[in-house]
Amino acid sequence: MRILIQFTKRHPWLTNVTIYGSLFASADIVQQKLSKSPTEPIDFKQTAKVGLVGFCFHANFNFFWLRFIERTFPGSAPLNVIRKVACDQLMAAPITISAFYTGLSLLDGERDVFKNLKEKFWPTYKTGVMCWTVFQTINFSVIPPFVRTAYIGVCAFLWTTFLCYIRNRDINEVTTRLLHAVPNIRGKMAFPQDQDDNKPADK
């Protein structure tokens, strides 16, 4: 472990970008496994495209963006953490979401490379604000700067799994499924007294 940390400190760009790109590709494989039947093969061409977008753009963008924002608002003081998170969501998030949708549309050879972006940007952005505000608050508060891109890569693994899922589906279908899932989750988490309240009264 000590050797890995030393290597990361000596070669932060190589380590962080490699980890980030690999996690991007892995996220697509997980998404395919979860959404396909067990007999359907993995589309490794699609995985390669996701990994390419992650490695060429997202990994490099986040590496240099995190260094820039740390120099602009140094340290982990609460006010600076708030500034970093706000800048990240207002400036970086729209860029990375746009790059994901348009980049994959270009690699897929779609005629209208902005179609997915126009349809899914706002739902994706609003969901991302809820997730990434938490991820980045932790990142800027307690994660050492030299491993921040790798940490964001782990968070991006979860986020990219979601992005790959909704990219290949109608946004209304995804929204409907989420809305149906919420009552089911709530029902499973109901407290005993809530369940008792739903029982018919004894005659």
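Don't overthink the numbers, they just go from 1 along the chain as shown.
In case you wondered, yes, glycine gets a Cβ from its N, Cα and C as well.
The following features are taken from Swiss-Prot:
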TOPO_DOM  1-12  topological domain 'Cytoplasmic'
TOPO_DOM  31-49  topological domain 'Lumenal'
TOPO_DOM  70-89  topological domain 'Cytoplasmic'
TOPO_DOM  108-143  topological domain 'Lumenal'
TOPO_DOM  167-203  topological domain 'Cytoplasmic'
TRANSMEM  13-30  transmembrane segment
TRANSMEM  50-69  transmembrane segment
TRANSMEM  90-107  transmembrane segment
TRANSMEM  144-166  transmembrane segment
Task: Within the topological domain 'Lumenal' (31-49), residues counted as helix, strand or coil by DSSP - done: 11 helix, 0 strand, 8 coil
Task: Distant-in-sequence neighbours of the topological domain 'Lumenal' (108-143), which means Cβ under 8 A and at least six residues beyond its ends - done: 49, 76, 80-81, 84-85, 88-89, 93-94, 97-98, 101-102, 151-152, 155, 158-159, 162-163, 166-167, 171, 174-175
Task: Chain residues outside the topological domain 'Cytoplasmic' (70-89) and at least six past its termini with a C-beta under 8 angstroms from it - done: 128-129, 132-133, 136-137, 140-142, 145, 148
Open item on the list: Using a Cβ cut-off under 8 Å, which residues of the same chain at least 6 positions beyond either end of the topological domain 'Lumenal' (31-49) come close to it?
Closed with: 25, 104, 107-108, 160-161, 164-165, 168
- [ ] Tell me, roughly as an integer, the mean pLDDT over the topological domain 'Lumenal' (31-49).
- [x] 90
Open item on the list: Summarise the topological domain 'Lumenal' (108-143) as counts of helix, strand and coil residues per DSSP.
Closed with: 28 helix, 0 strand, 8 coil
